[in-house]
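A.B. asks: Starting off with a structure, shown below.
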Amino acid sequence: MAGPEWQSLEQCLEKHLPPDDLSQVKRILYGKQTRNLDLPRKALEAASERNFELKGYAFGAAKEQQRCPQIVRVGLVQNRIPLPTSAPVAEQVSALHKRIEEIAEVAAMCGVNIICFQEAWNMPFAFCTREKLPWTEFAESAEDGLTTRFCQKLAKKHNMVVISPILERDRDHGGVLWNTAVVISNSGLVMGKTRKNHIPRVGDFNESTYYMEGNLGHPVFQTQFGRIAVNICYGRHHPLNWLMYSVNGAEIIFNPSATIGELSESMWPIEARNAAIANHCFTCALNRVGQEHYPNEFTSGDGKKAHHDLGYFYGSSYVAAPDGSRTPGLSRNQDGLLVTELNLNLCQQINDFWTFKMTGRLEMYARELAEAVKPNYSPNIVKEDLVLAPSSG
């Protein structure tokens with residue numbers, strides 16, 4: 001596995017390939033070339049001063065006679081935790097709020113309409129430890145917790161929709177915990193929330209020690225800037241998860257994540273891009289950055305020696321379009337903001353071209369899946385009938 005000093009696949013290709021070869025490789029890896037956005041000088045200067053990467057790209061669409069372009073700019077934020085995990089909880093939360101506020105201000109300079117933060121952005125991703133304290137103290141109300149109120153102010157100040165993935169404390173239902181994304185309108189009002197539908201039980205991802213599978217289904221939020229959904233982290237491995245957000249009308253599906261190189265880096269460039277193709281929508285994959293060390297060693301029953309960290313979070317956030325094209329990714333080792341301009345007309349244009357929704361045969365799969373989940377289901381396997389086989393004599 002590449003270490004944190006390896007910046008990105010894009011940098012490696014650009015460094016070692018001749019221009020003609022590079023063009024062909026990018027055509028295959030990234031599809032139709034995206035246009036570079038001309039970002040404001042003051043935004044670029046602010047990003048440099050605040051020590052984070054700022055990149056901007058745009059997807060086009062064919063001009064139509066009956067519809068105006070539906071242009072929306074999304075901002076994906078990837079970042080490391082600014083304080084050690086041993087710092088007091090309140091100080092860690094405050095430091096993360098400050099860091100995100102710095103980045104959100106630059107997003108506003110770039111005209112971002114919808115901004116999404118990484119999974120459990122206001123805390124370390126400490127679920128590997130299986131310890132309850134102090135990590136459960138980061139949990140907050142999705143409706144009126146400290147972090148939600150912070151994001152409401154950001155949303156109203158900058159006139160942008162905010163997607164805020166947090167560890168939720170649901171006090172209306174016994175104080176149980178959920179892995180939740182809060183969606184806040186550009187008016188500053190909480191539109192609602194969605195929960196992580198699939199919980200990993202692999203390696204050090206011991207998340208089911210804290211929370212279980214979400215119970216809110218696949219909600220899609222009708223914002224001023226388009227219909228959006230949030231497929232949290234591990235849910236990207238489940239094609240039906242993406243599908244149901246699309247069935248409910250999502251034009252943009254965000255995938256805020258916290259995943260490490262050893263586990264998933266080779267899968268990362270494929271899954272969200274494939275989902276964009278299969279579901280005729282835009283997908284936005286974002287991942288945290290860096291390595292987080294915990295005071296106490298932990299193990300996960302996988303034969304590895306006790307250790308103090310989960311692994312290296314490799315960033316590499318990107319956006320994919322329904323035509324299969326995608327932006328270059330942000331770096332593997334820097335905080336960053338990826339600004340991407342989308343024309344939502346492309347969703348219908350590609351739907352009309354490839355017709356996956358028309359040819360998807362959902363009724364057939366619904367019928368067969370309804371049978372497959374029954375306890376007495378017998379798989380439809382056709383075997384050779386040896387009784388009817390011709391004799392060798």
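Heads up, the Cβ atoms here are built off N, Cα and C, so glycines get one too.
Note that the structure is a prediction, hence the values are computed from the model and not measured.
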A.B. asks: Candidates are SER164, SER378; I want to know which one Swiss-Prot annotates as phosphoserine.
C.D. replies: SER378
A.B. asks: Can you tell which of the recorded positions LYS196, CYS233, SER378 lies nearest to GLU119 (active site, proton acceptor) in space, using Cα positions?
C.D. replies: CYS233
A.B. asks: List nothing but the one residue from GLU119, LYS196, CYS233, SER378 whose Cβ has the fewest other Cβ atoms within 10 Å; the candidates are the recorded positions.
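C.D. replies: Each of the recorded positions GLU119, LYS196, CYS233, SER378 was scored; lowest Cβ tally within 10 Å is SER378.
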A.B. asks: Using DSSP, would you call LYS196 (active site, proton donor) helix, strand or coil?
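C.D. replies: LYS196 (active site, proton donor) sits in coil per DSSP, no helix or strand.
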A.B. asks: Would you mind reading off the Cα separation of SER378 (phosphoserine) from LYS196 (active site, proton donor), to the nearest angstrom?
C.D. replies: 31
